[in-house]
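What follows is a short report on a single structure.
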Amino acid sequence: MAKVLCVLYEDPVSGYPPRYARNELPKIECYPNGQGLPAPKAIDFTPGHLLGSVSGELGLRRFLEKEGHTFIVTSDKEGPNSRFESELMDAEIVISQPFWPAYLTAERIAKARQLRLAITAGIGSDHVDLEAAMAKGITVAEVTYSNSISVAEHNLMLILTLVRHYIPSYQWVLDKGWNIADCVSRSYDVEGMSVGIVGAGRIGLATMKRLKPFDVKLHYTDKHRLSTAMEKELQTCFHPSVEAMVSQCDIVCLCCPLHPETENLFDERLLHTMKRGAYLINTARGKICNRDAVVKALETGQLAGYAGDVWFPQPAPKDHPWRQMPHHGMTPHISGTSLSAQARYAAGVREILECYFAKTPIREDYLIVDGGKLAGSGAYSYSPGNATCGAEAIT
């Protein structure tokens, strides 16, 4: 029997919800590209309930313990004395989230001699050292597309929040004020702006499709160019590099994976090639942007605003400079963990586990690493020798 170690974010400070705002979720038949939704044999949870926190347990406990497996759930993941570190040594399966990542570095993988499968509850497995996983024959899988639309919707919210100067206006209401001039002194229309998307994969493409009705000018860059038909449908302009694109954009939205080529991509030099007063949206990964360069660009006015939900490290320390920098719209890492998304990625994790225990193939779309090499979605997103190292150190 297997030991399954699951690292999830903490429960609400007010306690696990006794009831919810809505009674049910809308039914989604399939993803926009035709890919089917997760299809486990059964689920032991109510869609629309909080599943991604410790008490939610991704709805897995009944299933795993009925099959005789040991199931450990914790939010304690930081440092050598953490519950995660102590339980990892003999775990066969590790389940983690992008929102509360348990970093599987090469050092930890070397210590976890029983580890055979690392599952990301969501999308984005850069918290795992993929090179080390390949070397050790560990399968890495994630629930592809489960929260891509959730993040795309979040991107639109952040764009409008920054450009329309929403957060300070909301604060005036909380403070019982009514100063319209202060509210609108940094408020603009999105219409007519040039919006650049870095990474036109599932999230980037969904973001562009949702932006098109706003009558913006769309630009994008990606190592995989869209089809001519899709470019025509979106009326989007392809750029061969980020550098070639950002100087033309009023808004830049990051939708690319983290790997050595994108780590610290938006440094002081690149930020200064952007239009003065541009907005930068990052729901990809915090390390794609240089922390201090972003702060400086906001303080000098080179950037008019920065918004996102990804930090490094995660959770962000209380003294992280992005908490106090001007003109930001930062939140904890929440874009991909709406209650709607949780139902999908919890079902996907269950499907992956069912396949693993039955020794049947895991869905190709879910695979990142398998058989000692990049596979499935991982082969599309990464290049051999250029996989993320899953490091925790700030660079």
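Every residue gets a Cβ built from N, Cα and C, even glycine.
Quick caveat, the model's predicted, so the values are computed rather than measured.
Taken straight from TrEMBL:
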type    : residues                                          : note
DOMAIN  : 62-348                                            : domain 'D-isomer specific 2-hydroxyacid dehydrogenase catalytic'
BINDING : I123, N147                                        : substrate binding site
BINDING : S148, 202-203, D222, 257-261, T283, D309, 333-336 : NAD(+) binding site
DOMAIN  : 156-335                                           : domain 'D-isomer specific 2-hydroxyacid dehydrogenase NAD-binding'
SITE    : R285                                              : site 'Important for catalytic activity'
SITE    : H333                                              : site 'Important for catalytic activity'
(message) As a test of reading the model: what is the averaged pLDDT for the domain 'D-isomer specific 2-hydroxyacid dehydrogenase catalytic' (62-348)?
(response) 97
(message) Checking the contact step here: among the recorded positions I123, N147, R285, H333, which have a Cα within 10 Å of the Cα of D309 (NAD(+) binding site)?
(response) R285, H333
(request) Rank the binding-site residues E261, D309 by the number of other Cβ atoms within 10 Å of each Cβ, and give the residue at the low end. (result) E261
(message) Of the recorded positions I123, N147, R285, H333, which one has its Cα closest to the Cα of H259 (NAD(+) binding site)?
(response) R285
(request) Give the residue from the binding-site residues N147, S148 that has the most other Cβ atoms within 10 Å of its Cβ, counting over every protein chain displayed. (result) N147
(request) With an 8 Å cut-off on Cβ-Cβ distance and a minimum sequence separation of at least 6, pull the same-chain contacts of I203 (NAD(+) binding site), or say none. (result) S148, V151, A152, N155, C255, T283
(request) State the Cα to Cα distance, in Å, between H333 (site 'Important for catalytic activity') and E261 (NAD(+) binding site), rounded to an integer. (result) 22
(request) From the recorded positions P257, E261, R285, I334, pick the residue whose C-alpha lies nearest to the C-alpha of N147 (substrate binding site). (result) I334
(request) Would you please pick out, from the binding-site residues I123, I334, the one with the fewest other Cβ atoms within 10 Å of its Cβ? (result) I334
(request) Drop a 10 Å sphere on every Cβ of the recorded positions H259, R285, H333 and tell me which sphere holds the fewest other Cβ atoms. (result) H259
(request) Give the three-state DSSP assignment (helix, strand or coil) for E261 (NAD(+) binding site). (result) coil
(message) List every residue in the same chain as G336 (NAD(+) binding site), at least 6 positions away in sequence, whose Cβ is under 8 Å from its Cβ.
(response) P98, F99, G122, I123, N147, S148, S150, V151, H154, T283
(request) Compute the C-alpha separation of P257 (NAD(+) binding site) from R285 (site 'Important for catalytic activity'), stating it in Å without decimals. (result) 7
